[in-house]
Amino acid sequence: MAAGPERPVAEAQPQDREQPPPENGFMPLEQTQAPRLLPHVDGSVLPSLGGFGKHQKQLVVLTWIPALFIGFSQFSDYFLLAQPKGTCVQPLVNGSNWTVGSSKLPMTATNGDIGKPVPYSGGMVCECKEWKLELQTGLSQNVVTKWNLVCDSAWKVHIAKFSFLVGSIFGYLVMGVVADWFGRQPVLIVSVLFMLVFGLSVAFSFNVTMFSTLRFFEGFCLAGLTLSLYILRIELCLPGWRFSMTMVASFLMVGGQLVMPGVAALCRDWPDQDDWQVLQIMIICPFILMLPYVWIFPESLRWLLATQHYGCSKAMMLRLTACCISPPELEHELHKKPKRTCIIKMTSTRNFWKNIVVLCVNSLTGYGIHHCFARSMMDPEAPVSAMFNADYYTMAGIAVATCLALCPAVAFMGRRGGLLTFMIITALASLLQLGLLNLIGKYSLRHDTVLRDTLNRKFSVAFSIIGMFSSHAVSTLSIFFCAEITPTVIRGGGLGLVLASAGFGMLTAPIMELHNQKGYFLHHMIFAACTLLCIICLLLLPEPRNQPLPESLVDGESYTRQPLLTHRPGEQHLLLTKPGDRDLYSRVHDTPLRLTATGGTLVLGETAALKM
C-alpha cells in the first residue's frame, strides 16, 4: 500500500507515566543531561587547561616513584619465604624414613651416624630432630629457617604465600569500589598509611600464624595502592600519552624486581636483628616518602567531573589556569548534587560487561599459564632452592624484554591487535610444548633415549621462554586495555575485577606447590584451552587507541567493535546498499530499550508507517 498523508508524531511519554518492563532482563541506563563541554574531558576540558602540561607531568612522575617500592613488595616472597638447602644432622629415631615426592628413601641412622648429614630438598616429608638449613637467596635467615618450616611444616610456607595473594585479590575488589565511590585520593592515602602499619608489623611477627595474617592485610593495602596509582596515572594523560606513561611505571616495577637481590644482600648478617626482619623493614620504609601526597596530590579532575563534583572541579580548574572553561557553563551546574555509580551497574549494559568478562579471562589465563611455562623451564629433578637464581633472573629478564617489545607492537598494531598477537603466540607455545615434544619422543627418536631427552629438554626451555614472554605481555596489556575502555564512573571497580582475576591466575602457583605439582599436566592443558577461547573472544573487543576515555556508562556502552583491517575505498560494507534500505534495516534493532539507552524517543508515527 502507498503511504498515506504524514501522520503526527507521538509525543514522548511523561516521566510520571509507568515505564515499560525491561527487555531480556536488561535495565536501561540512566541518562544525564550534562553540559556540552564538561563531559568531554579529553577533547575540551584538558586542552583548555593546557593539555598534558607541566602540572600533569609532575603528577605522573609522582605516580612513578612508588612503582619501584611496589616492585620490592611484590617480589619479597622470593626472599622471605625461599626454600633452603638443608641437611638433617640428628634424626628423630633409628630407622626413620625420608620421603621425596612419591618415592620413599629409607635411611637407617645409628648412634654413630647421628652427626652424618642427610640431604634435604623442598617437598620432603621426614622425621628429624635437628636441621642445618642454608639459604641461596642472599639472606642468611628468613621465615622458613626462623621457624623451621620444613618437612611436615612446609605447608605453612605455601599458606603464607597464599594469604598475601588472597589479600591482594580482596584489596583489588574492595578498593576498586571505594575508589569509584569516594575518590582516588582517599584510597591512595589510606592504602599508604595502612601499608606502613601492617608492613612494619610483619617484621615483628613472633610466629608463622601472625606472619601470614599480617601478610594478608599487607597484600590488601598494596593492592589498593597499586590500583589507585594506576587509575590516577591513566586519568591524568591525554590519549597519546597513556600507554607510554604506563609502560614507564612497568619498567620501574621490573627495576624493583632486579634490584631486590641487592637489597637482600645488604640485609645479610645484620647485628641484633634477623635478616628477614631487616629486609621487611627496608622494603616498607620507602613508602614513608608518600606521606606528603596527602597535601600535594589532588583528586582526579576527571573523576570529579564524571561524578558531578562541580564545586571541587571549579576550584581545581581555577588553581591550574586563569583561562578556565566559560564560567556560565560550570556555574550552571554547581547546584547539582554528586552522583556516584557502583560497578554493579555494569550488569545493566549490553556490551560493556562482555568486554570486562573477556579481559578478566585474558588476565587470568595470562598469569596462570605464565606459571606453567615457568615450571616447564625448570629442571624437574632439581630442588627448588637450586633453581632460584636462574629462575628469578630469567623471569626478570623476560619481563624487561616484554616491556621493550610491547611499545613498538602496540604502536604498530594497536591495543586489540597487539593483545591478539601475543595471545596467539602464547597458545602456539603452549600447544607445541604439550604436543610436539611427545611426538618427537614417540616417532622420531624412539631408540636414542639420550638424544631424545636432550632434544626434549631444549625444546621445552625454548617454548617456555617464548610462552613466558608472550603471556606476560598478555597480562600487562589486558590490564591496560581495561583501564582504557572502562568508564570513569566505574573505572576502579572494572580495573579491580581484572586485577583480581590476574591475582587468581597467580594463585595457581602456590596451590600447585602445595600439592607437590600433582596434576600439573592437566593444569597446563586447561590454561592452553583457555588461550584458544581467548583468541576468539578478543575479536569482540573495541580498539581504544587514540580514543578519549569514556566518562559515563553510556560512553562505555558506545564503544563498539571495529574491524581489524581497514576497508579499501569502494568496498561494500552492508548487504543493503541503498540509503532507504539501510534505514529500514536499522529500525529492526531500535527497540524501546535501545532507544531509551541512547537517549532517543519512540516515534510511533514512523513505526505505524513501516507496518503499512
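Backbone N, Cα and C define each Cβ position, glycine as well.
Among the features that TrEMBL reports, region 'Disordered' is placed at 1-29.
In the predicted model, residues of the domain 'Major facilitator superfamily (MFS) profile' (63-546) average a pLDDT of 83. Residues or ranges marked as domain 'Major facilitator superfamily (MFS) profile' by TrEMBL: 63-546.
Taking Cβ pairs closer than 8 Å, the transmembrane segment (162-182) reaches residues 77, 191, 212-213, 215-224, 227-228, 231, 340-343, 489-497, 499-500, 503-504, 506-507, 510-511, 514 in its own chain, all 6 or more past its ends. Feature annotation from TrEMBL assigns transmembrane segment to 162-182 (among others).
Long-range Cβ contacts of the transmembrane segment (188-208) within its own chain (Cβ-Cβ under 8 Å, at least 6 residues beyond either end) map to 73, 143, 147, 149, 156, 160, 175, 214-215, 217-218, 221-222, 224-225, 228-229, 232, 277-278, 280-281, 283-285, 287-288, 290-291, 293-294, 297. Under the heading transmembrane segment, TrEMBL lists 188-208 (among others).
Long-range contacts of the transmembrane segment (220-241) within its own chain (CB-CB distance under 8 A, at least 6 residues past either end) are made by residues 42, 46, 51-52, 56, 59-60, 63, 66-67, 70, 73-74, 167-172, 174-176, 178-179, 184-185, 187-188, 190-192, 194-195, 198-199, 249, 297, 300-303, 479, 483-484, 488, 491-492, 495-496, 499, 503, 545-549. Residues or ranges marked as transmembrane segment in TrEMBL: 220-241 (among others).
Beyond the transmembrane segment (247-266), the same-chain residues lying 6 or more positions past its ends with a Cβ under 8 Å from any Cβ of the stretch are 63-64, 67-72, 74-76, 78-79, 137-139, 229-230, 233, 275, 279, 282-283, 392, 395-396, 399-400, 403, 406-407, 476. Annotation comment: TrEMBL describes 247-266 (among others) as transmembrane segment.
Per TrEMBL, transmembrane segment is recorded for 278-296 (among others).
What TrEMBL records for 392-412 (among others) is transmembrane segment. Residues 78, 243-244, 247, 250-251, 254, 257-258, 261, 374, 377, 418, 421-422, 465, 468-469, 472-473, 476-477, 545 of the same chain lie 6 or more positions beyond the ends of the transmembrane segment (392-412) yet place their CB under 8 Å from a CB of it.
As annotated by TrEMBL, transmembrane segment applies to 419-441 (among others).
Summarising the annotation, TrEMBL assigns transmembrane segment to 461-483 (among others).
Annotation comment: TrEMBL describes 495-514 (among others) as transmembrane segment.
The annotation transmembrane segment is assigned in TrEMBL to 520-541 (among others).
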